[in-house]
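If you check TrEMBL, you get these features:
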BINDING   Arg9, His10, Gly11, Glu12, Thr13, Ala14, Trp15, Asn16, Arg59  substrate binding site
ACT_SITE  His10  active site, tele-phosphohistidine intermediate
ACT_SITE  Glu83  active site, proton donor/acceptor
Amino acid sequence: METHVFLVRHGETAWNRERRFQGHQDIPLSPEGLSQAERLAQSLRSEAFDAVYSSDLRRAVQTAEIIAREQSLPVVTLKGLRERFMGEWEGLTREEVAARFPDWPQRIAEGKHGTESLSALQERMMNQLDHLVRLHRGGRILAVSHGGSINAVLARVSRGRYGPGMTRIENTSLTHLVYDHQLNHWRVEKVNITEHLAV
């Protein structure tokens, strides 16, 4: 038996455009982000999902609500789907951080400066997804999360084929994972699907 999980990155925010680390800061979608979410929702109208989940941060919830409306489903918010906590770097641009710490990707991976380490982020996200696939055994679920969090999951389930520094996760992109309950194994079906943005 297999459970299908569709991970969506939230729509664009002003901080995305400014290349600021958002982390747990509760930034809303920009007008473009709302448009992206609408286009994704329309592209998914013919798909059937058993449930729609979302990070509890506003940018994810707004995205999920637009998708869920077309599915006639409620949105269930989960803190476990939040973006990586960026500690003292939240609100700073990548350029500002890189100017002070050229090795910033390694520092984040190790959880320095109050950031959430890669291993901690992976553990949080995988625990949440493992719970959801048990809850919806054999079903199809959609979960709106964040670029860093989705990339962390990809790195874990693909054993390094995808992940931070290698894989770009665009705003409102769709990543399709499948969990095989008999084999107790995740596999990656599709990554960073963005065809709806060309419409």
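The first residue you see is number 1, and the count goes up from there.
Using the three backbone atoms N, Cα and C, a Cβ is placed for every residue, glycine included.
DSSP assigns Glu83 (active site, proton donor/acceptor) to coil in the three-state reduction, outside any helix or strand. Within 10 Å of the Cβ of Thr13 (substrate binding site) there are 22 other Cβ atoms, across all protein chains. When Cβ atoms from all protein chains are considered, those within 10 Å of Arg59 (substrate binding site) total 29, not counting its own. Our reading of the substrate binding annotation (Arg9, His10, Gly11, Glu12, Thr13, Ala14, Trp15, Asn16, Arg59) yields a largest Cα to Cα distance of 15 angstrom. Spatially close to Arg9 (substrate binding site) yet at least six residues away along the chain are Val144, Ser145, His146, Gly147, Ile150, Ile169, Glu170, Asn171, Thr172, Ser173, judged by Cβ distances under 8 angstroms. According to its DSSP assignment, Arg9 (substrate binding site) is in a strand. Apart from Arg9, His10, Gly11, Glu12, Thr13, Ala14, Trp15, Asn16, Arg59, the residues listed for substrate, the same chain places the Cβ atoms of Gln22, Ile27, Leu29, Ser30, Gly33, Asn171 within 8 Å of the centroid of those Cβ atoms. It is Trp15, among the recorded positions Trp15, Glu83, whose Cβ has the fewest other Cβ atoms within 10 Å in the structure shown.
Cβ neighbours within 10 Å of His10 (active site, tele-phosphohistidine intermediate), excluding its own Cβ and spanning all shown chains: 29.
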